[in-house]
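What Swiss-Prot says about this protein:
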BINDING   Y130, Q191, N214  NAD(+) binding site
BINDING   S237, Q259, H262, H328, D361, E415, H420  substrate binding site
BINDING   Q259, H262, D361, H420  Zn(2+) binding site
ACT_SITE  E327  active site, proton acceptor
ACT_SITE  H328  active site, proton acceptor
Amino acid sequence: MLLKLDSRKADFQADFTRLVDERRESEGDVSRDVSAIIADVKKRGDVAIAELTQKFDRHDLNKGGWQLTQEEIKKACDSLPSELMDALKLAATRIRYCHENQLPESSEMTDAAGVRMGVRWQAVEAAGLYVPGGRAAYCSSVLMNAVPAKVAGVKRLVMVTPTPDGFVNPAVIAAAVISEVDEIWKIGGAQAVAALALGTEKIKPVDVVVGPGNAWVAEAKRQLYGQVGIDMVAGPSEIVVVADKDNDPEWLAADLLSQAEHDPTSQSILISDSEDLIEKTIEAVGRRLEKLETQKVARESWDKHGATILVQSLDEAPALVDRLAPEHLELAVADPDALFANVHHSGSVFLGRYTPEAIGDYVGGPNHVLPTGRRARFSSGLSVIDFMKRTTYLNCSQEALSKIGPAAVTLAKAEGLPAHAESVISRLNK
């Protein structure tokens, strides 16, 4: 049943705390299964990959091919409607522009002691992108993960995607081409993540693995982190909409359902100072659910995890939002920037009535790969930084060392590390 809260009620804080603490991520214990798959790939390599692909995807890699061929890629792109191809290209252009403006600059300075120091940013050499497979076209996820990697300067970008019965969605292939993906492998699941992280006879390992997936994919990324970098371990999608009385309930209902239709464990929350707007929005959600193709999933999400919060003033909203730290936040109010100034924890924020979250999913520009499960309190969405690393460097002249070296000797001796001290002393005494 939809949760309806009212900040004027005596039990509001307790009820809101339960909402914040609600656990929606899968509690199924897939850890043991994933550990076994990783161990199998580590031991048997391509043989394990082929067997698991046959088992889960009913695709014989040795007969149907491990990688997409140029002929298969061309055929897929040619089959796409021009309208869809144009939309993919527009989205890629906008994502590229946004992420080019995120590139960090290397820097160097010389301090008063004459020590030259700096930081140099470089892209990782290889990155792996996981794309969910089947007939669902997650083409936007390809763009959102692959374009930043190439903007960062990644030379080898590898995509893996499950191919149930040998099928790969043409829109996914086209998005990979537009994003300049270098290799497309017909494998999926935890075994694909293991192949990217560990490498096999056919597949060279990568340095970073990104991309969405099911519980097994997320668990594989978690277990392999440290051997390979990852973007994040994401959970169910979520949205908080803060709205004043001057909104169209139909618009708000559509926005709330845009996240509810993702997964039964997704969460959609409406915060408003207008009880009338809340009630009309709830009614609009009900009407829209009757016509929605994804109504089964969306209804379960809305009924089990949806919530409305009536506040006395929208000034209360930022504090509530910060406790929820949502993946997506819409500020559908007259002055969204004023409210935004007081919000500190959200994966991405959509300002004003004409900026639905769905625009950010596809063509807005900023990345749609965002922290969930309140992780926006300490982490950020995917960016070029996830495909880069920084190296610091120092350069001391003899004169510079003579100025700062004695302090290093003192600290080394205080820590009981004589070899450290001698490393500096030997140069000071020369």
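Just so you know, glycine gets a Cβ as well, placed from its N, Cα and C.
When the alpha carbons of D361 (substrate binding site) and E327 (active site, proton acceptor) are compared, the span between them is 12 angstrom. When the binding-site residues Q191, N214, S237, Q259 are compared by the number of other CB atoms within 10 angstroms of each CB, N214 has the fewest.
Between the C-alpha atoms of Y130 (NAD(+) binding site) and S237 (substrate binding site), the distance comes to 18 Å. The binding-site residues H262, H328, H420 differ in how many other CB atoms lie within 10 Å of their CB, and the one with the most is H328. Cβ neighbour density within 10 Å is lowest for E415 among the recorded positions E327, D361, E415. Here the CA atom of N214 (NAD(+) binding site) lies 13 Å from the CA atom of S237 (substrate binding site). Taken residue by residue with DSSP, N214 (NAD(+) binding site) is part of neither helix nor strand, so it is coil.
Taking the centroid of the Cβ atoms of Y130, Q191, N214 as the NAD(+) site, the other same-chain residues with Cβ within 8 Å of it are V160, P162, G188, G189, A190, A192, V193, G213, W216, V217, A220. In the three-state DSSP assignment, the secondary structure recorded for Q259 (substrate binding site) is helix. Distance noted between the C-alpha atoms of N214 (NAD(+) binding site) and H420 (substrate binding site) is 49 Å. Note on proximity: of the recorded positions Q259, H262, E327, H328, H420, the one nearest Q191 (NAD(+) binding site) is H262, by Cα distance. Nearest Cα neighbour of E327 (active site, proton acceptor) among the listed binding-site residues (Q259, H262, E415, H420): Q259.
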